[in-house]
Amino acid sequence: MTGEDTFPAVEVLDGKPQKLSLKREVGLVGAVSLVAGTMIGSGIFMSPQFVLVNIGSPGGSLVVWAACGLLAMLGSLCYAELGTVIRESGGEYIYILRTSGPVLAFILIFSSVIFVRPASVAGISLSFAEYALAPFYQDCPCPQLVVKSVAAAGIVVTAIVNCLNVRFAMSMQVFFMVAKVLALSVIIIGGVMLLVRGETGSFEDSFNGTNLGINPIGIAFYQGLWSYDGWNNLNYVTEELKRPEVNLPRAVMIAIPMVTMLYLLVNVSYLAAMTPRELMLSSAVAVTWGNKVLGSWGWVMSIAAALSAFGSLNGTFFSGGRVCFVAAREGHMPDILAMAHVNRLTPSPALIFTTAISLLVLIPGDFQSIVNFFSLVLLYNHSVWASLPQDQET
């Protein structure tokens with residue numbers, strides 16, 4: 001990429017500096033797809049066993065999933081209010097910048113760009129790779145080098161798509177969201193059929209063995225909240241959202257309750273098809289469910305889970321690149337990251353930078369450690385923001 005291929009972060013018109021803004025090309029359908037399509041990713045196919053292992057009982061695990069959905073809903077409503085008042089892209093970074101000053105905003109964006117976003121991208125890409133390779137390694141574990149190579153290829157492909165065209169990236173997001181909802185609907189319908197046939201053993205004394213310690217409950221919530229990551233994605237692209245004062249609250253009110261209900265029903269289906277012990281021992285819950293319920297067609301669930309993870313990866317990239325772009329535009333990152341392609345108007349330098357950091361995080365990490373690290377850093381960021389005084393003038 002040369003200097004001729006990009007617009008600078010600030011243009012001078014009539015003697016006054018004007019910040020570069022991206023085009024408003026995201027409507028209500030695209031907004032719902034960006035939120036729900038990013039949330040429904042690898043988590044619901046990989047996290048249920050970790051939630052159950054830590055909380056210890058089927059009933060407790062369902063309570064954790066519902067509580068995580070409630071937290072996501074409450075957080076999204078707060079963000080929707082902020083997004084309709086401060087109509088700028090960047091999410092919590094721009095809100096802290098406008099209310100609490102540049103120092104705290106810089107601390108937040110540094111941890112977000114260097115740790116949170118790359119960890120999220122790396123974790124999703126690993127789950128995509130594991131499910132994409134599952135049909136080829138049915139009788140043995142897949143080599144880690146192969147898994148990470150496929151994960152790296154997924155990251156690079158997603159980066160290229162987002163660098164090329166905004167509308168194409170959003171069309172992909174809508175397509176993958178529809179595919180995800182269909183895949184989860186298949187799991188739910190299968191679970192309903194099992195329950196009708198009397199497969200209710202997992203729900204007898206469903207709270208027996210629940211771990212009430214702070215540590216297991218905390219880890220269970222970490223794993224559950226990973227599956228809800230993306231509830232705040234729309235606030236990162238507010239400037240590209242058509243009629244944000246209308247579509248922002250509408251999108252989150254449609255997307256998050258829908259995702260929460262899907263997650264609860266899918267977990268019920270998993271427990272109808274497997275005993276709690278089988279679920280905890282499964283390395284890929286959706287694949288195990290597919291093999292037990294769909295028989296020889298069980299491999300379809302591997303493909304569905306891989307497509308789901310790839311769609312979530314696309315949504316994470318779409319919003320993550322904008323956060324880096326806005327931070328650079330405000331002077332908290334190198335100026336080159338605030339440039340956009342002259343024809344496509346995509347924040348290509350920011351997307352390339354996010355790709356490079358994500359690949360570095362991918363090299364030493366495994367899925368569970370990346371999820372725990374991501375959840376811990378994200379929780380710390382939000383707790384710091386929650387402790388700030390909110391009565392300052394914007």
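We count from 1, first residue shown onward.
Cβ atoms here come from the backbone N, Cα and C positions, even for glycine.
Listed features, source TrEMBL:
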TRANSMEM  26-50  transmembrane segment
TRANSMEM  62-82  transmembrane segment
TRANSMEM  103-129  transmembrane segment
TRANSMEM  149-168  transmembrane segment
TRANSMEM  175-196  transmembrane segment
TRANSMEM  251-273  transmembrane segment
TRANSMEM  294-313  transmembrane segment
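Using the rule of three or more Cβ pairs under 8 Å, pairs at least 6 apart in sequence, the transmembrane segment (62-82) is in contact with the transmembrane segment (251-273). Here the transmembrane segment (294-313) has long-range neighbours at 37-42, 44-45, 121, 124-125, 127-128, 131-132, 134-135, 154-155, 158, 172-173, 175-177, 179-180, 183, 186-187, 190, 230, 284, 286-287, meaning same-chain residues at least 6 beyond its ends whose C-beta is under 8 angstroms from one of its own. Panel annotation: around the transmembrane segment (251-273), residues 28, 31-32, 34-36, 39-40, 44, 48, 58, 61-62, 65-66, 69-70, 72-73, 76-77, 79-80, 181, 184, 187-188, 190-192, 194-195, 199-200, 202-203, 227-228, 231, 234, 279, 285, 289, 292-293 of the same chain, lying at least six beyond its termini, place a Cβ under 8 Å from a Cβ of the stretch.
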